[in-house]
Structure formats: C-alpha cells, structure tokens
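I have placed the structure first, in the form of structure tokens, so that the comments after it can refer back to it.
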Amino acid sequence: PSSDCVVAEQLCLSDSTCNATYRTLENCALAKTRFLSLDHDSRVRCLNAELDLGNSSLLHCKCHRRMKRQEHCLRIFWTVHSSMTDAENNCESPLPSTVEHWKTDYNKLAALVSGKNCSQLAGDTTNACLTATHICNLSKKCFRLRTDYASICTKGAGSEDVCDRRKCHRGLRNFFEKVPEDFTKRILFCPCQDEFCGERRRKTIVPHCSFQYNTKPNCLWLLDSCLEDHICKSRLADFQQNCQPVDMSPDGCSLHNHAACLQAYMGMIGTPMTPNYVSNSSVEVSLWCTCENSGNQKEKCDQILGMFESNKCL
C-alpha cells in the first residue's frame, strides 16, 4: 500500500541525506509556486534532487481521501514532484484510486422517511432530490454539515454584499469529505423527471456563491487559480486520471471505473474549478467560464472546458 506522505516526510527528515535533498526540493517548489525563473543549473539541481530520492517512500507516497492534515500531505506530494510535472498535465494523482463502498444506512433511512420499503421508494415519482435531502436530515452529521455550508454560501444573497466564496468552498469540501458518500452521492446525483427536481439538484451547491461570478472568467484563469492551490491541483490530477474518456469502453472511461470518475468529479466541488449542472432540465455539467478572447491558447482553453462539457466518461 502507498505510504502516507506525512509519515514519509517524518522518516525523511530524520535522515540527514534525505533531509538535505528534501530541503532542496522545497526551494524548487517554492520557486515554481512564485513563478520565479530558474537558470539551467538550478533546474538540473532540482531534477537531480528528485531523482536522488530513488525508491524512498517519499517518492511513492500518497494522500488518502478524508485524511487528517490533508492539505499538508498534498503540499509534501507536490514538493517531491515539483520538477517532474508541468502545469497542464500533472503527473499521477496524489490520491489512490479507490472507491468507498456505499453503506447500508441509506436503505434504513429511506424506509423511515418514506414509510415504504426500498423497492417502493425506488419507483416513487416524487421529487428524488427532495427525498435525498430529507434522508440527509435524519443523519446528524449530514444535516449539520449541509446546514453549515448552506448558511455560509447564502450570506450576502439578495444584497449588494458578495458572498465569501473561499469559505463557501471550504464548507462544501467539508460536506463532501466528511459525510458518508451514501448521502452525498444521492443528493448530488439524484435522478429527476421534472424541472422542479432539476432545479433543486442544480442548486445543491448554492451556485450563486460557489459556482457563478458576475461575468464568466476565461477558463485559463480558472486553471491558473486551481494550479496555485494544492487541494485543487491534486483533485484536478485525480479527475484527469479517473475521467479519461475512451470511445470503445463500455462506460466511456479508460480505467473502466465510472464510479471513480464520479468520485473525482465530487472532489472538484469546493475548488476554484467547481463544476455544476448547466440547467434544470438536463444532466449536462460545465465549468463557469468561457474560451472567448483566448487568443492563441484557444485550443488549450477548449480542452479544459471539454473535460466537463463533452466527456463521455463523466
């Protein structure tokens, strides 16, 4: 199993040779974060430091979903891989490709809230997204964390005040990270037959704060904002790895694991590249950005937008 980067860092710092190599990589990563240009010798030194780690646990460590000190762990991962990665095509995802099994709690709660057995509930024509919300409310953790982000993300709504998008994103990440996926997946991916249900699904993430700006920014700006953030950068790498579309695959995914793609999609919510449903009447999703005025980077911009708008795997 992949070692924890936090543990791997502690082991490295206790060894004088590894410690010195790691400190060199920290300086390399800092220069890259600040967009400082390095001369040829410095670039070689950074690459050699990365290669010097050899087969150490630090070079092969991962950061597990829902772990404590996740941001610190991700900083370590990108420090170690700083010179081998480029901005648009990040190396391997720092998150292991595992999908948690849905727990059975949902079925018990579904029966409670509906007064029916599960087979009857599955064929119910009521608002599926509303039902999923009611079921969330029966779980103390789901209700509390959903209320938390809804409260943060709706502050300033209907007035001249602008919501605190950073806090809103943090609240959304808390919800999707800490609440069992049994609840979060059903709230986000609830099946709808009418626009009232679709509207509730689209508004799950309070889009006026978490998703929309007054005007659509360029998608390249969204990408730059994401790559400056360890969490977003990591989740984008995870999304690119698990949502690679392939025409010949039964589920449209290169890894033949559609569930892993949906999990990676959920990971993007609460980051600068937060996606959402585009309307109340479809399941199409997109980023809130445009590729107009992209100049000679139009193709690159279209690729970023296309990862969400025309991705067969997603």
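The backbone N, Cα and C atoms fix where each Cβ goes, glycine too.
According to TrEMBL, the protein carries these features:
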DOMAIN    5-85  domain 'GDNF/GAS1'
DOMAIN    129-209  domain 'GDNF/GAS1'
DOMAIN    219-313  domain 'GDNF/GAS1'
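Within the model, the domain 'GDNF/GAS1' (5-85) carries an average pLDDT of 79.
The helix, strand and coil residue counts that DSSP assigns across the domain 'GDNF/GAS1' (5-85) are 51 helix, 1 strand, 29 coil.
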